[in-house]
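Undergrad: Structure provided below as structure tokens; questions to follow.
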Amino acid sequence: MKKVASGISKNEVEWIVRAAFKSARRKRKNVTVLFTSDAEVRRLNREFRRKNTTTDVLSFASDESGYAGEIIISVAEARRKARKQRIGFRDELRLLLIHGTLHLLGYDHETIGQERRMFGLQARIIAKLK
């Protein structure tokens with residue numbers, strides 16, 4: 001199986017996204033996942049969020065039937081975060097895939113209550129994947 005981002009296969013990406021849908025008790029939809037550069041993530045972040053900085057993951061939800069949206073991950077930022085947190089790069093990619101999927105499903109972390117709900121579900125999904 002071809003690795004789509006150093007250490008994670010397409011099958012694993014699909015498995016993680018499916019696990020997030022299932023844990024959120026949502027009907028599965030198609031998702032596009034793009035692993036890309038800091039420069040591309042920064043450009044998209046500036047264009048769509050008006051933030052001129054890179055970030056680890058962006059999610060763009062769709063209202064198209066059968067399609068949840070796009071998850072865009074900066075591989076370089078994921079590597080930096082993994083090193084900083086002293087976790088494996090693959091574990092960080094898994095976390096970002098879950099986080100991005102939950103955003104596509106309408107979860108957010110703008111308020112303390114939203115953060116508890118989203119991060120709690122995120123932690124439960126991660127625990128199930130181990």
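Each residue, glycine too, has its Cβ placed from N, Cα and C.
For reference, TrEMBL lists these features for the protein:
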| type | residues | note |
| --- | --- | --- |
| BINDING | H99, H103, H109 | Zn(2+) binding site |
Undergrad: Can you tell which of H99, H103, H109 has the least company, meaning the fewest other C-beta atoms within 10 angstroms of its C-beta, among these binding-site residues?
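TA: Looking at the binding-site residues H99, H103, H109, the Cβ with the fewest others within 10 Å is that of H109.
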Undergrad: If the Zn(2+) site is taken as the center of the Cβ atoms of H99, H103, H109, which further residues of that chain fall within 8 Å of it by their Cβ?
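TA: Everything else in range on the chain: V57, S59, G100, L102, Y107, D108, M118, Q122.
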Undergrad: For H109 (Zn(2+) binding site), what is the secondary structure state per DSSP, taken as helix, strand or coil?
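TA: Looking at the DSSP assignment, H109 (Zn(2+) binding site) belongs to neither helix nor strand, so coil.
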